[in-house]
């Protein structure tokens, strides 16, 4: 019951966070729609959600696997959208 309550709270926090889009719980990219990947939750790597690929100016992870990736992603960030690359911008990496 405690685990269920934690998951509900996690989903609510993510749903109402600025810029977060939840399209569904997943295990692999193949379970997500076009333009999304199955990324690990920022709170627990055991929970994954279908989230949009990175757009211009959005934060990214330089080692993120291309889409579709058959394994389980460890990052909470998807790769950049088609035509964009993940490059260092100041202290962060951003899609550009």
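Glycine is treated like the rest: Cβ placed from N, Cα and C.
Positions annotated as signal peptide by Swiss-Prot: 1-19. As annotated by Swiss-Prot, disulfide bond applies to 26-38, 32-50, 37-78, 60-86, 80-95.
For residue 38 (disulfide bond), the disulfide-bonded residues whose C-alpha atoms fall inside a 10 Å radius of its own C-alpha are 32, 50, out of 32, 50, 80, 95.
In the three-state DSSP classification, residue 26 (disulfide bond) falls within coil. Reduced to three states, the DSSP call for residue 37 (disulfide bond) is strand.
In this structure, the C-alpha atom of residue 60 (disulfide bond) lies 7 angstrom from that of residue 78 (disulfide bond). The highest number of surrounding Cβ atoms within 10 Å, among the disulfide-bonded residues 50, 78, 80, 86, is found at 78. Among the disulfide-bonded residues 37, 50, 80, 95, the ones whose Cα sits within 10 Å of the Cα of residue 86 (disulfide bond) are 80, 95.
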